[in-house]
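As given in TrEMBL:
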BINDING   67, 133  substrate binding site
BINDING   133, 160  Mg(2+) binding site
DOMAIN    11-236  domain 'HpcH/HpaI aldolase/citrate lyase'
Ligand SMILES: CC(C)(COP(=O)(O)OP(=O)(O)OC[C@H]1O[C@@H](n2cnc3c(N)ncnc32)[C@H](O)[C@@H]1OP(=O)(O)O)[C@@H](O)C(=O)NCCC(=O)NCCSC(=O)C[C@@](O)(CC(=O)O)C(=O)O
Ligand SMILES: [Mg+2]
C-alpha cells in the first residue's frame with residue numbers, strides 16, 4: 001500500500017524554528033528542503049542542520065523526506081552522500097527537484113544503492129520523489145516515473161514550470177488573473193496518468209498566497225478532481241484545509257465501505273455484478289470504492 005501523502009509540508013532546512021515546529025504538525029509528509037528555500041550561501045550549513053535534525057528529532061509516523069539540490073548543481077552529490085550516509089536510516093525518501101530525464105532518477109538510485117551497501121542499510125528501502133518543473137521534465141515524465149523501482153511520486157512544480165513555459169503569473173500555484181478555466185488541466189492529467197501507469201503517486205506543488213484559504217481550497221479541489229493524491233503545504237495554516245480536501249467525506253467513506261460489503265455478498269453468491277442503492281456495482285466500482293475506503297481509513301475514519 002502506498003504512503004498517505006495528502007499533505008507534503010515544506011520545511012526550509014536552514015530554519016531551526018520551522019524544523020522544531022514541524023514535529024507537531026498534522027502533515028502526512030515532512031520534507032526538509034535544501035533547495036529553493038535555502039539561500040545560496042546557506043547550503044552547507046543547512047545540510048549540516050538537516051542531518052542533525054534527522055538524527056535528533058522524532059517525527060513520529062510522518063513520512064520524512066529531504067529535498068536535495070538539483071543534479072545539475074554543485075550541491076547534489078554532497079547533499080545526497082552526506083544526508084544518506086549520516087542519516088539514511090532516519091529517511092523515507094529523497095526528493096530530487098527539476099528532474100528532466102530518467103537519467104536523473106537512475107543516477108540518484110545508483111548512488112542510494114551504493115551508500116546503502118556501504119552502510120549496511122536495507123537495500124532499496126529509501127524511495128525517490130521526482131519533481132517535474134519544466135517542459136523538458138513534462139515530456140519525459142512517463143519514462144521518469146518508470147526509471148527506478150524506488151520511485152514513489154511525481155510532483156508538480158508550479159512556480160518553476162510557469163516560469164519555464166511562460167504562464168503570465170507571479171503567484172506560485174495560482175491561475176492567471178481573470179482566466180476563467182484551469183490552465184494546468186493538461187499538466188495535472190498527464191502527471192496523474194504517468195504516475196498511475198507506473199503505480200506511483202502524483203502530488204501537486206504549493207499555493208503561494210499564504211492565508212488565502214479559499215484560493216488554496218479551490219486549487220487543492222481541482223488537483224484532487226483530476227486524480228492527484230496530495231498537495232504541498234508551505235505554511236502550517238494550509239495543512240488542515242489540504243488534509244480535508246484530500247480525505248473523503250465521512251459519508252463518502254461509509255458509502256464506499258457499504259458498497260464493498262454489498263459487492264462481497266454478491267460475489268459470495270456467485271454474481272460479479274449486483275445492484276447497490278440504485279446503481280450497478282461490479283469490479284470497476286469495487287476498485288474505486290477500495291481507493292476511497294483506504295483513504296478514509298488513512299484519514300482515521302473507523
Ligand atoms: C512563507 C513563510 C516565509 C512565512 O513565514 P512567517 O515567518 O511569516 O510565518 P508565520 O505566519 O509568522 O509563522 C507562524 C508559525 O508557523 C511557523 N512556520 C511558518 N512556516 C513554517 C513551515 N514551513 N514549517 C514549519 N513551521 C512554519 C512559524 O515558526 C510560526 O511558529 P511559532 O513561532 O510557533 O508561532 C514560511 O511559511 C516559509 O518559509 N514556508 C516554507 C517555504 C518553502 O519551503 N519554500 C520551498 C518550497 S515551495 C518551492 O520550492 C516553489 C517551487 O519550486 C515548488 C516546487 O518546486 O514544486 C515551485 O516550482 O513552485
Ligand atoms: Mg521548484
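Backbone N, Cα and C atoms are what each Cβ position is placed from, and that goes for glycine too.
Keep in mind the model is a prediction, meaning the values are calculated, not measured.
Take the CB of residue 133 (substrate binding site) and look out to 10 A: across all protein chains shown you find 25 other CB atoms. Only 133, 160, of the binding-site residues 67, 133, 160, place a Cβ under 6 Å from an atom of ligand 1.
Close to ligand 2, meaning a Cβ under 6 Å from one of its atoms, are these of the binding-site residues 67, 133, 160: 133, 160. Distance from the CA of residue 160 (Mg(2+) binding site) to the CA of residue 133 (substrate binding site) is 5 Å.
Note: residue 160 (Mg(2+) binding site) has non-local neighbours 97, 98, 133, 134, i.e. same-chain residues 6+ apart with C-beta under 8 A of its own C-beta.
According to DSSP, residue 67 (substrate binding site) sits within a strand segment. Confidence for the domain 'HpcH/HpaI aldolase/citrate lyase' (11-236), expressed as mean pLDDT, is 95.
DSSP gives residue 133 (substrate binding site) a coil state; it is part of no helix or strand.
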